[in-house]
Amino acid sequence: MQIDEQPGNAIGAAVEGFDHATASDADIDALKSTIYTKKIAVLKGQDLSPQQFLALGKRLGRPEAYYEPMYQHPEVTEIFVSSNVPENGKQIGVPKTGKFWHADYQFMPDPFGITLIYPQVIPEKNRGTYFIDMGRAYDRLPEDLKKEISGTYCRHSVRKYFKIRPHDVYRPISEIIEEVERKTPAVVQPTTFTHPMTGETVLYISEGFTVGIEDQDGKPLDEELLKRLFDATGQLDESFEHDNIHLQSFEQGDLLVWDNRSLIHRARHTTTPEPTVSYRVTVHDERKLHDGIQAA
């Protein structure tokens, strides 16, 4: 296995010769260290079945299936499927997922530490995923803004981007919203926390899932504060030219693994009617999102 920093990129590394089936514990430790410090590891030359992809995920931590079944792979439920390509006339997975800034499972009480994405069918145009390193973004905040958010908490919810399921057709929207709030109530996390693997300070907000900010007593703060944070970190830049934004491209055989604690991401969906399919596995590693979350 050879790990090389991606040339010209501030974050990321290319990993050649990685085989999850034969990798030693030292190889796995080196890979995970790269994920935490370089944020994105691109495993090159991968050719895996769904079962093998899950096995790779298990080398890095404990996989968890997505809570809504319509996203799950029909044979391997721990695989989340994003696809606009029907199989035998049947929709497998969900098309155009993640077209907004977010961290995976940010709206849940116990988010994942590591995300793995394995593109299956890659469009010719507009391929890739946008990322923002929220540790680096925090470092770049003005000092007065850092002081303003010190000791605050943010509320995260899936409600804004929840996708209607097949069995929701003809149901009253109020009934669907009530179910969403009951199954996935908003969660509160510190606005910033110390990354347990690197010691860096992470700004844990996303335009997609973060819906409010409050003081340490739970009193809501002005929504304008959140908007200023979104703007300062680059999440409101629709040109995607902000200094904080990194576009990670990929080719057939690439498998992306990234640090879900400090990165937020946004899918770059093709604007042309091209087929696109990707698989995702998300895993819990040795530590919780931050040390303020109690171990189960």
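Note that Cβ sites are derived from N, Cα and C of the backbone, with glycine treated the same way.
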Co-listed (3R)-3-{[carboxy(hydroxy)methyl]amino}butanoate-binding residue [Swiss-Prot; alongside Tyr66, Tyr71, Gly98, Tyr105, Lys163] among Arg228, Arg280: Arg280
Matching residue for the Fe(2+) site, where Swiss-Prot names His102, Asp104 - out of His242, His246, His265: His265
Span of the (3R)-3-{[carboxy(hydroxy)methyl]amino}butanoate site, taken as the largest CA to CA distance across Tyr66, Tyr71, Gly98, Tyr105, Lys163, Arg280 (Å, rounded to a whole number): 18
Candidate binding-site residues Tyr66, Gly98, Tyr105, Lys163, Arg280, pick with smallest Cα gap to His265 (Fe(2+) binding site): Gly98
Spatial neighbours, same chain, of Tyr71 ((3R)-3-{[carboxy(hydroxy)methyl]amino}butanoate binding site) - Cβ under 8 Å, 6+ residues apart: Phe80, Val81, Gly93, Val94, Thr97
Integer Cα-Cα distance in angstrom, Lys163 ((3R)-3-{[carboxy(hydroxy)methyl]amino}butanoate binding site) to Asp104 (Fe(2+) binding site): 15
Near-site residues: Fe(2+), ref His102, Asp104, His265, CB cutoff 8 A to centroid: Gly98, Trp101, Ala103, Gln106, Thr115, Ser206, Gly208, Asn260, Leu263, Ile264, Arg266
